[in-house]
Structure formats: structure tokens, C-alpha cells
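Student: Got these off TrEMBL a minute ago, pasting:
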COMPBIAS  1-11  compositional bias 'Basic and acidic residues'
COMPBIAS  36-50  compositional bias 'Polar residues'
DOMAIN    108-556  domain 'Major facilitator superfamily (MFS) profile'
REGION    1-55  region 'Disordered'
TRANSMEM  106-126  transmembrane segment
TRANSMEM  146-162  transmembrane segment
TRANSMEM  174-195  transmembrane segment
TRANSMEM  201-223  transmembrane segment
TRANSMEM  235-258  transmembrane segment
TRANSMEM  264-282  transmembrane segment
TRANSMEM  383-406  transmembrane segment
TRANSMEM  441-458  transmembrane segment
TRANSMEM  464-487  transmembrane segment
TRANSMEM  508-526  transmembrane segment
TRANSMEM  532-551  transmembrane segment
Amino acid sequence: MSFDNVEKLPASEDILYRTSSNDKSGKEEDAEAGSDTRSIHSQRSGQSTVADAHDVENADDVLARTVTPKKPIVKVSRAERRGLFARFSLTAEVTDPYDYKDSTKWVITFVVAIAAAAAPVGSAIILPTLDDVANSLHTDPTTTNLSVALYMLSMAIFPLWWSTFSETAGRRTVYLTSFTMFIVFSVLSAISHSISMLITVRLFAGGAAASVQAVGAGTIADIWESRERGRAMGIFYLGPLCGPLLAPIVGGILGQAWNWRATQWALVIYGVLTWLLVFFGLPETLKATKDVVADTVTDTAPSTVGSDRPPLSRTSTREVIQKRSRKYLTVARMLLVDPLSVILYLRFMPVLLTVYYSAVTFGSLYVLNISIQYTFERQPYDYATIIIGLLYLPNSFGYILASLIGGRWMDWIMKREAIKTNRVDERGKLIFRPEDRMRENAWLGALMYPCALIWYGWTVQKGVFWLAPIIANFFYGFGSMIIFAMSTTMLTEFMPRRSSSGVALNNLCRNILSCVGAVVGAPLIAAIGNGWLFTILGLWALSSASVIWAMKRYGPGWRENMDRQLG
């Protein structure tokens, strides 16, 4: 497998800053629209440009110079819009998504966040009714848990393909296609007559809905510039993180009122409503590129320019076969090889460490989810299904609070670090670096959520009053949300040309750990108890915080080396 596949994909201007059109002159006027921007971590920006006293008088002056007037919005006509049924979108497609008004950007962010919640909602809504599933389909709890574990595994693998398709077919087409599949497989889940059928169709339902978890982050990077992206990413992550914590409440209510099948019909309704939101509210945001397959075939086809062949001479059968073979091989490479090529990014330390830390954090989340369901339905608590669903709420409150302040805090830290080191370009614009996002905010989250895990584990182990472990879950939600939002935003900036693929890689690693956690969670609780299980998880998470130190110490050098290798 060649790494060339990664480098040759079309670049999308995810991490670029636009300069004022009034500043363009001379050679800049001859450049294309994308050349008046500056990457926050391009090879040229690897060396900090230190401003003199005249350039940097104070922090406010530098910040003021980073805000430039936006160009007039250029809308694309309905006939020329891209994506499935694009002419029906109520939000017009524009030539440069950065030019959308902030209100429009927030609407798009809201739609994508709602869509991104579908996959985790599907994994969690069935949790309070797992015993009902086992009784209804005449199976054991371990086999029933596979309907959750394999669902998580599909959420890990399928986004690799969805993200690759989105870089060529566009975001909107992937959203509409995947949610059509999600609706169909959710219907099949609701009418399943055996545990094997339920596990199989839920696997495909999870893979279909998981498209937005990777592609959605790409959409956020399409429309928000780096200085604002942290806050937007925090809001976007409310969907995938609050979904699995609110879903058990709904699942508990539906399971108590009807049965487990009602939870799957609820997913059908959610899928239909989300499909309509995307259909009418989400334009194509990916920067327009050429037809990759057609370009490849054209580039590799033998040239007849300057040959002695008569203009009307026939093409030989051999040439026709060669041309068609090249086209089929190109399509096969795009479908089979390109999605897997993103795994090669793990050879770069900034990507590897960021993905690892996110995966450890996310894996602990699903062990915690299994523990809540397993522990509170047994003595000494012995709570009803609906009450167990309500116990997931404190985590959600922690997520919401962290997303409201964590993203803005992260953006502020990145600006502060650029000002502190006087990193500005020749136009006086701040040069931002992804690793600057990992500062005191990361240390707060890295200490808070492991301690909360240990707190939760021993309080439920000793049968302490329910309020004590639930308060711990609030702090777990707050601390882990800081890590989730930070790692996702950094990955879109480390991999600006393939932002969706970077997030898909993150999903692959973290959902594999989540799958393992969902499978082994209940047996480990039965074997060693909540106390020791969450002590082990907490200590593992604390030791993993060394990633923050490593990124601060070695991150700039690793990133510059990565930029050089990727060109």
C-alpha cells in the first residue's frame, strides 16, 4: 500500500486564514483565491516570525489585526449546486464556505451535531432494555451485549470509507445516503425475530449512522476558521456525547411503557427527522474539486499529441481495454485502498499520541455506561429501568458545561500562545499551531476525569448513597469532554488536507476500545468489582496524561517533520 494515496488527495482549505482583498497587490493578484491565505502550521510557519516593537505593540493590537473584513458572499446557482437533491436546500451553497454569516454557520453546526448524535444514540438507547431483549429473543446477556459491542465496532470501521467518499462525492451526498441506510436498518432492527438478525442489522445501522461522526468534523472545518473552530467543535461534540447519555432515559421510558422494540422504532423516527434536516438545511460545504476518477484516467491515458496517427483512425481493442482497466482500477483503489491509507498517518507522533489519548478517554466512557446499567439494576440499589436511565443525566450536564466554556477557552489559549511568542507573519497575522491547544485546559481534564472514575468505582462498590457516584459522573463528563473536543480539533489541524479522514482515524481507534469495553465491562465487574476496575482505568488514564507533556516538549518538532514529509 503506497502512502502516495494519502498525499495526492485534493487539498481542502481547512486551516487557512483569509487576508483582506484590499491587501492583494502585484504577484498576489495573479494567484488563485486560495493563495492569499496562510496555513497555521505550514512548513513556512514552522519558523516563528518574531515581530519587532513596531509590529507588536500589545496583545490587543495583534488580536485586532487577525480580524479581517470578509469578502462578499458569492452564491452558487441552484442548477450548479453539488450533492444529492442540492437544489432543494434552503441554505444556498457558496463558493467559499468561510464567507457564510455566523448565524448560517451555527445553523449548519446545529444540523451536523443533531446528525452526529444518531450513531451514539443508537448504541445507548437499547442499554436499559438489554434484559428485555435477552428474554424476548431467548438468549443470554453476554450474547445480547454483542448487539451493542458490534454496533460500536461498526462505528469504528465504516467512517474510514465514509470520510474518503466525502472528500470526492461531497459531504451532503454522504449524509443523505448514509441516513437512508440507517433508516432501513433501524426498521429491520425493530422487526428482528432472532438475536442473530438483531446483531447483524444493528451492525450495519451503526456503520451507516457513524458517517457524521467523521464527516461532520470535516464540515465544521469547512466553514469555521481556526481561531473560532474550538468553540464550534465543542458545540458539535455535544451531539455525539450527550446523545448516549440522554438516550438511556428515553430507552428506559419506552422500555417500561412498551418493550425494547419501541427503542428501535424511536431510532427510525430520529433518522427520518434528521434526513429531512439535512435535505433542507445542509448545503455542500466541501471546496469544489475536479472529478478524481476522470482526472486520473486522463492523466494516465497515452497521449496522441504530436503523433502521426490519422485523426479518424480507430482505437485498438487493446487500448480500449487498457483505458477501461485503468478506470476500474482507479475506482477500486478509491473504494478499497484509499480509506485504509489513512491508517498510515499513525506513523506521525502528533497524530498517534492525540488519537491514543482520545481512545483511552472514550473507551472508559463505555465501560462507565455498562457499569451504570449493570450496577444500579442490582442490589443494594435495585432501581427501575426508567430511574437507571435518569442516572446518565449528570454526565450530560458535565458535557454541556465543558462544551460551553471549553471550546472558547481552547481558542483563547491558542491565541495567547501565539501572542506570547510573537508569532506573526509578514502581514501581522498571528500564526497558530495545533499543539498550542493542549495547555492548562488539557491538564485540568486529564486530572479530573480519572479521579472521577476512581471516585465512582469505590462509591458504588461500597453501596454508598446514589448521589455520591452521580456527582463523580458529572466531573467525569466535564473532564472527558475537554479531552474529546481538544483532540478532535487538533486532528483537523494536523491533517488539514484530510480533516474528515483524521477524525475517522480517531473514531476507528476509540470505538475499537469502546467495543472491547462494552464486551468485557460486565464480566470484569462481576470478577473484580467496580472499585478495582475503575481504579485500573483511572490509573491508566492518569499515566496517559504524559501525552500532554510530550506534545508540549516535542510537539513543534514532530509537527514540522510531519509537514515536511507530507509536503
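Just so it is clear, glycine is given a Cβ too, placed from its N, Cα and C backbone atoms.
Explain the structural surroundings of these features, please.
Tutor: With a cut-off of 8 Å between Cβ atoms, the residues of this chain six or more beyond the transmembrane segment (201-223) that come close are 12, 14-15, 97-98, 100, 105, 108-109, 112-113, 115-116, 118-120, 122-123, 147, 150-160, 162-163, 166-167, 171, 174-175, 178-179, 181-182, 185-186, 188-189, 192, 229, 232-233, 236, 240, 267, 271, 282, 285-287, 488, 491-492, 496, 499-504, 507, 511.
Taking Cβ pairs closer than 8 Å, the transmembrane segment (264-282) reaches residues 85, 88-91, 107-108, 111-112, 114-115, 118, 121-122, 125-126, 171-172, 175-176, 179-180, 182-183, 186-187, 189-190, 205, 209, 219, 250-251, 254 in its own chain, all 6 or more past its ends.
Away from its own ends, the transmembrane segment (441-458) comes close to residues 361, 364, 368, 371, 402, 406, 409-410, 413, 468-469, 472-473, 475-476, 478-483, 486, 530-535, 537-539, 541-542, 544-545, 548 of its chain (Cβ-Cβ under 8 Å, at least six residues beyond either end).
When Cβ-Cβ distances below 8 Å are used as the criterion, the transmembrane segment (508-526) is approached by residues 141-142, 145-146, 148-150, 152-153, 155-157, 159-160, 210, 343, 355-356, 358-367, 369-371, 374-375, 533 of the same chain, each at least six residues removed from its ends.
Under 8 Å from some Cβ of the transmembrane segment (532-551) lie the Cβ atoms of residues 349-350, 353-354, 356-357, 360-361, 364, 367-368, 371, 435, 438, 442-443, 446-447, 449-451, 453-454, 456-458, 524-525, all in the same chain and six or more residues away from its ends.
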Student: Could you pull out which residues elsewhere in the chain have a CB under 8 Å from any CB of the transmembrane segment (146-162), counting only those six or more residues past its ends?
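Tutor: Distal contacts: 119-120, 122-123, 126-127, 130, 133, 174, 178, 195, 198-199, 202-211, 213-215, 335, 339-340, 342-343, 366, 500-501, 503-505, 507-512, 514-516, 518-519.
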Student: Same chain only, please: residues at least 6 beyond the ends of the transmembrane segment (174-195) with a C-beta under 8 Å from a C-beta of the stretch. Say none if there are none.
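Tutor: Counting only partners 6 or more residues beyond its ends, the transmembrane segment (174-195) has Cβ contacts under 8 Å with 83-85, 115, 118, 122, 133, 137-139, 143-144, 147, 162, 165-166, 201-202, 204-205, 208-209, 211-212, 215, 261, 264-265, 267-268, 271-272, 274-275, 278-279, 282.
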